[in-house]
Amino acid sequence: MSTIENAIESAKGYATAGIEKATELGQQAIHAIQEQIGDSAPFGGVTRKESHGPLSPAEEKKLEDALASRPTQKELQEKNILKNTKVAPSLQAKEEELKQQQLKDSLDTKLAMRPTPDELTQKNILKEEPTSNMEGGIQSGVQALEKSQLEATLEANLEHRPAPEELIKEGILNKDENPKIA
């Protein structure tokens, strides 16, 4: 087994032992790889000033801070960055496909149960729009005109409503009732 393979196997074995130990073993693996490839441009051109020495205290502090503030696996799963799955990797694609199909079926069921526009119009949730084939500007003008006509009709009816005395005379109101005029 080569130096790289030994370092990788060691890193895998100690990953559960803690972040510091895994970081140290990871650094050893990086150094072993850098020595084998000649340290020309390790890992896509990213180089360090002292590529073969230990981390400086400032670099160590920066690394510790970054590791301490990184999100947990659960947080990454909640943000849908990592998949929250307990199935074998070979079945994960099928699991995702199944979830998508279940979501689609659920949505189709909810859409089928949705009331039609006619039902919503009958329940006065939607307005009946006989002018729906007009352009937007014309349609809004028609609606404004209908509203102003309704207001004018209401005002005219309020102006011509009978006085309380007439309502008492016609037997609609009793003498002891005192209607309040707003």
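Cβ atoms here come from the backbone N, Cα and C positions, even for glycine.
Remember, TrEMBL labels are computer predictions, not curated facts.
Annotated in TrEMBL:
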- 47-81: compositional bias 'Basic and acidic residues' (COMPBIAS)
- 116-130: compositional bias 'Basic and acidic residues' (COMPBIAS)
- 34-136: region 'Disordered' (REGION)
- 158-182: region 'Disordered' (REGION)
- 61-86: repeat 'RPEL' (REPEAT)
- 105-130: repeat 'RPEL' (REPEAT)
- 152-177: repeat 'RPEL' (REPEAT)
Tally of residues which DSSP labels helix, strand or coil - the compositional bias 'Basic and acidic residues' (116-130): 6 helix, 0 strand, 9 coil
Secondary structure content, the repeat 'RPEL' (152-177) (per DSSP, counts of residues): 14 helix, 0 strand, 12 coil
